[in-house]
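Enquirer: Sharing a structure here in structure tokens format.
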């Protein structure tokens, strides 16, 4: 049965939408369409866009008015996620990239690269169990960043962040592209949880609460500075203990509640977008954009540490000191540093071995 040329074109048009990353082979190239797309804005890539964090993260970034181009990369299922999100009537143009051979195309020309790729934590798994799998994934992806968009700001979500940020730093150093201001470990979920749990205890709207969370991004390395909460508040020793423990174990709370069906993906995607949006506002030149992040730091004797940073056109333009700590926080800081030192070393050793 012969198809008319009109039918062929219609099929080609459908195929182009269903497999955006194959667009070159279609009869009707997207370049020939009138909708060239792209409001003025930034080019953002998500590496690991088809995963549990990646999908809601991609959807929220598609809704962000600061994004003009959104590249979705994964080793599986990215064409489907791309087709799905491409139907949303928001400004960002979405393109999908599938598998290692398309990594470089996904990264070329990007302003911001968000990396949630890797395997999630399952019940009974420690963040260290994740290490060997995710360390290799982060290494490969960061080699792509170094080659294709060395000036992009990198938001690293893949756990364990305490080790994957040092891995990324070593990869960039090897490639000769390392700029410590542009590599940011995303700890925003700790802040989001702290704001929520503190607001519950104080009977406030969480949007009015700001809790600095410093240190790292797992267990005892997560140190909420409750003495510096805004609005200024005081807590009993019992409240301090309860809040600190709940903030430190928020991830485990979700892993156990999901009972084998995953880890914190939706709240993580929300937190990642909150942080990515702050990075984009910094890139745009907005003043006074301050968030907590795990960065190269001289605040302590450790090479990396999470504190408040001021985000600007070149990434983390200023890393803030810890400020005054109470006795409980000083003890917590020593515990955090001890654990963090090992995690950082583990990441560096992974690349240097």
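Each residue's number is its place along the chain shown, starting with 1.
Including glycine, each Cβ sits where the backbone N, Cα and C put it.
Straight from TrEMBL, here's the annotation block:
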type	residues	note
ACT_SITE	217	active site, proton acceptor
BINDING	48, 49, 50, 51, 52, 53, 54, 74, 134, 157, 158, 159, 268	NAD(+) binding site
BINDING	121, 127, 159, 193	substrate binding site
DOMAIN	43-185	domain 'Lactate/malate dehydrogenase N-terminal'
DOMAIN	187-350	domain 'Lactate/malate dehydrogenase C-terminal'
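Quick one: how deep are these features, and who are their neighbours?
Expert: In this view, residue 268 (NAD(+) binding site) is surrounded by 24 other Cβ atoms within 10 Å of its Cβ, with every protein chain counted.
Residue 159 (substrate binding site): 25 other CB atoms within 10 A of its CB, across all protein chains.
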Enquirer: Cβ-Cβ under 8 Å from residue 50 (NAD(+) binding site), same chain, 6 or more residues apart: which ones?
Expert: 72, 74, 76, 77, 78, 80, 81
Enquirer: Rounded to an integer, what is the Cα-Cα distance in Å between residue 52 (NAD(+) binding site) and residue 159 (substrate binding site)?
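Expert: Residue 52 (NAD(+) binding site) to residue 159 (substrate binding site), Cα-Cα distance: 13 Å.
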Enquirer: Could you tell me the C-alpha distance between residue 217 (active site, proton acceptor) and residue 193 (substrate binding site) in angstrom, no decimals?
Expert: 12
Enquirer: Taking 48, 52, 54 as the binding-site residues to compare, which has the smallest set of other Cβ atoms within 10 Å?
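Expert: Fewest other Cβ atoms within 10 Å, among the binding-site residues 48, 52, 54, is found for 52.
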Enquirer: May I have the DSSP-based helix, strand and coil counts for the residues of the domain 'Lactate/malate dehydrogenase N-terminal' (43-185)?
Expert: 66 helix, 30 strand, 47 coil
Enquirer: Can you tell me how far the Cα of residue 54 (NAD(+) binding site) sits from the Cα of residue 159 (substrate binding site), in Å?
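Expert: Checking the Cα atoms of residue 54 (NAD(+) binding site) and residue 159 (substrate binding site) gives a distance of 14 Å.
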